[in-house]
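**Q** Below are the features listed in TrEMBL for this protein:
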| type | residues | note |
| --- | --- | --- |
| TRANSMEM | 58-79 | transmembrane segment |
| TRANSMEM | 125-146 | transmembrane segment |
| TRANSMEM | 152-175 | transmembrane segment |
| TRANSMEM | 187-212 | transmembrane segment |
| TRANSMEM | 218-238 | transmembrane segment |
| REGION | 243-272 | region 'Disordered' |
| COMPBIAS | 243-256 | compositional bias 'Acidic residues' |
| TRANSMEM | 291-313 | transmembrane segment |
| TRANSMEM | 325-344 | transmembrane segment |
| TRANSMEM | 356-374 | transmembrane segment |
| TRANSMEM | 380-407 | transmembrane segment |
| TRANSMEM | 419-440 | transmembrane segment |
| TRANSMEM | 460-480 | transmembrane segment |
Amino acid sequence: VDNKPHVELEPLMHYSNSNMNYNDETNSTGRANSTLVESLISNTSVERPNKTKTQRNVVIALAVSLISGLVSGTLYGFGRYSRDLKDTLMLTQYQIERFGILLDTGNYIGHPITGLVYDRLGPRISCLSAAVIVFCAYGMIQLGVIRHITAHWIFDTSFFFVGLGSGLGYIAALGSTTKNFQSSRHFSLAIGIVASGYGLSSTIVGLSYHAVGLNRFFLLWAVLVAFGNLLGSCYLVVPNEDEEKTNEEEMDEEGANDSLQNNANEEVPSEAHRSEQIFAAEWNDWREKDFWLLFFAFAGCTGCGLFIINNISTMVQSIQGNDSFAAKLVVLLSLSNFSGRLLMGFLADLPRVSKMVMLASTALVMAAALFLSAMAQPDSASVCLIITVALIAAAYGGTWVLVVGILSDFFGNHNFGKNYGLIAMGPALSGMLFNTFSAWTYEKYTPIDSEVCLGKNCYYMSFLLTGSAAILSCMVSSLLECSRRQSSVLRNT
């Protein structure tokens with residue numbers, strides 16, 4: 001683009017110079033061409049720094065989005081400290097599972113709200129709100145741990161708002177990246193980079209927990225999350241956002257003037273009627289069958305991932321593993337999650353690669369991993385759990401990258417926040433279902449005189465349930481892919 005004006009300069013200058021000795025009419029043409037040359041040079045000199053500045057802003061926004069994603073993914077570290085939190089507060093398995101469920105619920109069920117906030121108020125207000133919400137929520141949890149508060153509703157509320165604030169910060173980072181790279185051939189890779197920070201968070205959480213312990217852990221992350229989101233409030237902007245809004249306003253004004261001139265004798269639609277039309281257009285995507293097929297396919301995959309993430313510590317305990325083994329599994333989960341997001345972002349940008357086929361493939365990988373642990377024998381349970389965690393985490397991370405590209409391809413980016421927000425409710429519902437079922441089966445096989453379940457039966461039924469859900473998700477994804485291809489063929493014919 002930068003070289004285009006220079007290609008035209010030489011013939012234009014040659015043409016103008018060759019006409020300097022002609023008659024007055026020809027001289028006027030030469031002067032006109034000289035003016036055009038000067039205009040092109042002027043425009044080129046202005047566009048170059050503007051383009052460089054825009055590119056620099058995009059790179060800065062991507063880096064800050066990565067940081068925001070990193071501090072917004074602390075909910076993935078719940079499995080690292082849940083066991084110690086349970087012992088410190090003397091909780092039952094149901095109660096500690098409830099904290100994890102509320103953490104996921106605040107994040108995923110809250111996404112329609114956070115998506116609407118992002119669409120209406122933009123990334124800056126979203127990040128600032130996320131900083132305040134998570135700082136206060138983590139602060140209350142830390143206070144409750146130090147003072148051994150027995151009012152569990154305080155922890156319930158705080159974990160819910162940690163999830164809500166984390167989701168708000170992450171959707172601001174993701175939405176900004178989506179708009180910055182929507183015309184780039186590296187769109188999915190950029191999404192994968194931001195999402196990989198979100199997935200890598202549990203490794204940082206695990207390392208920090210090992211360093212500071214339960215008594216200072218929540219305070220540390222209250223400060224880190226607030227700092228990361230404050231950076232986002234300063235730097236997460238869409239390039240030329242103000243210019244685009246100005247252009248849109250000018251076009252709207254011109255369109256309105258033309259409409260008034262062409263329809264002077266016609267009745268002008270009322271403001272209320274126009275608002276109703278805009279509202280209907282904004283929520284039109286939710287009426288499509290494909291949207292809800294994607295919702296259920298995505299929910300099935302991610303619910304399986306949340307089941308593993310929230311129960312790592314107790315899974316290790318059930319096979320009589322030590323705390324060190326649990327810590328290593330959390331690190332493995334985080335690294336696999338991180339790698340899966342980056343890899344899927346790279347693969348999704350390849351030509352002739354169907355994102356829906358890739359989504360179906362990740363569901364199939366999840367099913368195989370879950371059935372592997374379900375069929376594991378006591379002497380191979382540890383190895384099978386390692387394989388299950390690695391595969392589930394990689395597939396789980398990949399689905400979060402794929403769904404962004406699928407939403408963009410199917411429904412565009414205009415209402416990205418609301419669409420992504422509703423899609424993200426799926427993991428909360430499926431995760432709540434799977435984790436509640438796993439808590440029930442865990443308690444069922446726990447001896448009356450103990451609070452710890454040991455043996456294969458603790459999670460056997462849960463592995464079968466989640467594996468079956470992954471198979472169903474694969475089938476729904478395949479159905480959606482076939483439906484889209486058939487619709488495309490019909491349109492072409």
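Yeah, the Cβs are placed from backbone N, Cα and C, and that goes for glycine too.
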**Q** Given the cut-off of 8 Å on Cβ pairs that are 6 or more apart in sequence, determine whether the transmembrane segment (419-440) and the transmembrane segment (356-374) share at least 3 such pairs.
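**A** By the criterion, they do not touch.
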**Q** Sequence-remote contacts (6 or more beyond its ends) of the transmembrane segment (152-175), Cβ cut-off under 8 Å?
**A** 64-66, 68-69, 71-75, 89, 91, 95, 98-100, 102-108, 110-111, 113-115, 117-118, 123, 126-127, 129-134, 136-138, 140-141, 144, 191, 194-195, 198, 225, 228-229, 232, 236, 404, 416-417, 420-421, 424
**Q** Out of 58-79, 218-238, 291-313, which stretch touches the transmembrane segment (187-212) the most, going by CB pairs under 8 Å?
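**A** Ranked by Cβ pairs under 8 Å, first place goes to 58-79.
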